[in-house]
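First up is the structure itself, then whatever we jot down about it.
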Amino acid sequence: MKMVNLKINGQDVSVPEGTTVLDAAKKAGIRIPTLCYLRDINAIGACRVCVVEVKGARSLVASCVYPVSEGMEVTTNSQRVIDSRRTTVELILSDHKKECLSCVRNGNCELQTLSEELRCDGEKFKGAVSDYPIDASTPYIVRDNNKCVLCRRCVAACKNYQGIAVIGANARGFDTHIACAFEKSLADVPCVGCGQCIAACPTGALHE
């Protein structure tokens, strides 16, 4: 297998060709925060939390989908990178139901952890806020889109683990939300209640 040599934060790293920057950094013991990424299930580079700086690149790149190349020089912790991640998380928080103290995922929420790490409070951006009804139509899954971050991890888990794909992204732009086809409730689609979507969810948008 062909090996590729690169530098991450000045550290020499050698990984197999085709490895992503995220996995290369992990091998080097360097943590890059993620939100939409779920290993082997969801790697779409959508949330932009995992962005890094690559020497010579015009813009920051999503490390979860960006492949390494020979001689590449990557910086994961520059001020530009940190500012970008902070802005991304602030934008997510601006349309997020902030009731952490009463949330079932309080203390075990990836968005909460990221917010604390980046010192985000969700007050930077003000504007329209989504308001979705809670779907508690089944005895095994409660779905609250007001806490959804549109990472699509639940969508990937439902499709790739169970092969059912009863949920997906509906609408566009600000109105984009995760739901069943034709806005049906979970009780009205062939959901088997496996709970894989709950396990995949990084926030309290899905819980038992």
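Placement of Cβ uses the backbone N, Cα and C atoms for every residue, glycine included.
Remember, predicted model here, so these are calculated numbers, not experimental data.
Taken from TrEMBL, the feature domain '2Fe-2S ferredoxin-type' covers 2-80. According to TrEMBL, the feature domain '4Fe-4S His(Cys)3-ligated-type' maps to 80-119. The domain '4Fe-4S ferredoxin-type' annotation in TrEMBL covers 139-169, 182-208.
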By Cβ distance under 8 Å, which residues at least 6 away from the ends of the domain '4Fe-4S ferredoxin-type' (182-208) in the same chain are close to it?
35, 38, 41-42, 96, 103-106, 109-112, 135, 137-138, 140-149, 151, 153-154, 156-158, 161-162, 164, 166-167, 170
Confidence summary (mean pLDDT) of the domain '4Fe-4S ferredoxin-type' (182-208):
97
Tally of DSSP helical, extended and coil residues in the domain '4Fe-4S His(Cys)3-ligated-type' (80-119):
27 helix, 0 strand, 13 coil
